[in-house]
Structures are given as C-alpha cells and as structure tokens.
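What follows is one structure encoded as structure tokens, with my remarks underneath.
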C-alpha cells in the first residue's frame, strides 16, 4: 500500500492534453479551422506591424502601442495553436512537464501584456483628448518606451509566479488536462496537493492585474466622454470618438470574451465546455483585432493601401 501510494505521487514527467473533441471525425475539421484562424491572426497582426513601421505618419504613441499589442497577440496565439495542430496531426496528446510549465508561463506572459497594452492605449487616448496641448510633452518617446518595459516586467513577474507555484504542486502519475493547452486553472484543479494558498494568491494577483487596468480604462473613458460632450462642434465630437472607437471595440472584445469564459466555466462546471469557450479569447480575439483597426481606423486603412501598392 505504501509502495503504491509512493508510486502514484511520484513527480509527473508528462501530461495528456485532451483537446476540444475526442471524436476522430472532428479532428480534420478542427485542424483546418484552427490553421486558417492562426494564419489569419499571424498575417493580420504582422501586416499591422509592417504598415505602422513603414509609414512615418503612424510613428505616434497610439500606433506604437498598437504594434506592441499586435506583437503580443502573435505570441499569445503561437503559444497554444501550433502545439494543438501538431497533436492532431501526429495523433499524440502528450506534453512534457517542462513543456507544459513553459507553455503556461509564456501564455500568461502574453495574456498579461495584452491587458497592460490596452491600458496604456487608453491612457494615450485620455491624454490626447483631455490634454491635447500637453500631449507631445506627456506622451514622449521616453514615457512610451518605459510603459512598454514596465508592462513586460510586470507580465514576466506574473508568469514566473505561476510557474513557481505549479512547480510546487504534486500530481498523480497519469494526468489528463481537459483542454487544448496547459491552462493554469486546470493545473491547479488537477493537483493532488493542497492548492488553497495558491488559489488565494492567484485570485489576488489576478484581481490586481485585471481590476487595476480595467479601472484605469474605465476612468480614462469616463473623462474622455465627459470632455467630448463639452465640445460644441458635432464634427469635433465625431473626430474625438472616432479616434477611440477601434480601441474601445478591442477592449470590449478582450474583456467581454474573458468574462464570458469565466462565467461559462462557473455556470457549467464542465471543463470541456470551458475549453471550447476559451477559444474565443485565445484565438478569436487576437484574430479580430487587426480587422477592427483596419475597418474602423482611416489612418491605418490609408497607410495599408499605400503599403500594399508599394509591395504589389
């Protein structure tokens, strides 16, 4: 009995990712769909980065943060989708312990970066509309670079905290993760050791890194709306709101899908349904961001047309 107990709790060397479906007939469809979405995501976000870097008119703080957001979205999707497609192609669901922790760490890093870059973009719009005369002095290249570096440093600390806590957990010899990637919440649920302290710490850090940026975005847009409504010209109001439309759409999509995934997982208590729902914020949101900026932003559309004409 003691020997069996010791064997069951030996440090796990690999996990098994169950994916989105066990049905073999669905695998080719899932592979093709995710390959298409991944290519659209990579090409769309790369196009945003190339267009912004090639057009001098877009060398402003707003588009500097947009380029970094696109880069984070590329990293965000590249952490999970290629591994899932390889698993489907090779009919293997195995991921090593080290690979799982690394994937979880990088996924957390880029997810947190997305969150903080959206906050920096909201601050940029707040300064541009509420303090236009001081915009150039406040949003100088030094501050923009500092905001990106601080965002990366905070995200790196947060991701390493996840890795450290997972490394302290004990798992059974055979662990099946009902997901298509190593989701941190799933790992904590599947651990056979006590995770109460880890859960409290994760929820506390999540509340800070989710609540503080969201509060900052809400405050920024409250002031933006208040300042815009004081503008007497209808054209002035439209111009002010149009500069924020794309960013506000992305914010609603990012936080809306993340909140939807959280509520669906709480309501259904089904890990498989939670995995399907998480496709929205891990795959669909990064894919739609370039479309939102291209369709709603005239500067991006004009720069993209010029870029495509030059490369054609």
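Backbone N, Cα and C define each Cβ position, glycine as well.
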**transmembrane segment per TrEMBL - which of 63-81, 82-100** = 63-81
**Fill in**
Ranges in play 29-51, 167-189, with TrEMBL marking transmembrane segment at 29-51
**Message:** Does the transmembrane segment (240-263) come close to the transmembrane segment (135-158), meaning at least 3 CB pairs under 8 Å for residues 6 or more apart?
**Reply:** no
**Prompt:** Given pairs 6 or more apart, does the transmembrane segment (240-263) have at least three Cβ pairs under 8 Å with the transmembrane segment (29-51)?
**Reply:** no
**Message:** Within the same chain, where does the transmembrane segment (63-81) have neighbours whose Cβ lies under 8 angstroms from its own Cβ atoms, ignoring anything closer than 6 residues to its ends? I mean 6 or more beyond.
**Reply:** 34, 37-38, 41-42, 45-46, 48-49, 52-53, 103, 106-107, 109-111, 113-114, 117-118, 120-121, 124, 144, 147-148, 180-181, 250, 282-283, 286-287, 289-290, 293, 299-300
**Prompt:** So what's near the transmembrane segment (200-219) in sequence-distant terms, Cβ-Cβ under 8 Å and 6+ beyond its ends?
**Reply:** 112, 115-116, 118-119, 122-123, 154, 158, 161-162, 165, 184, 188, 251, 255
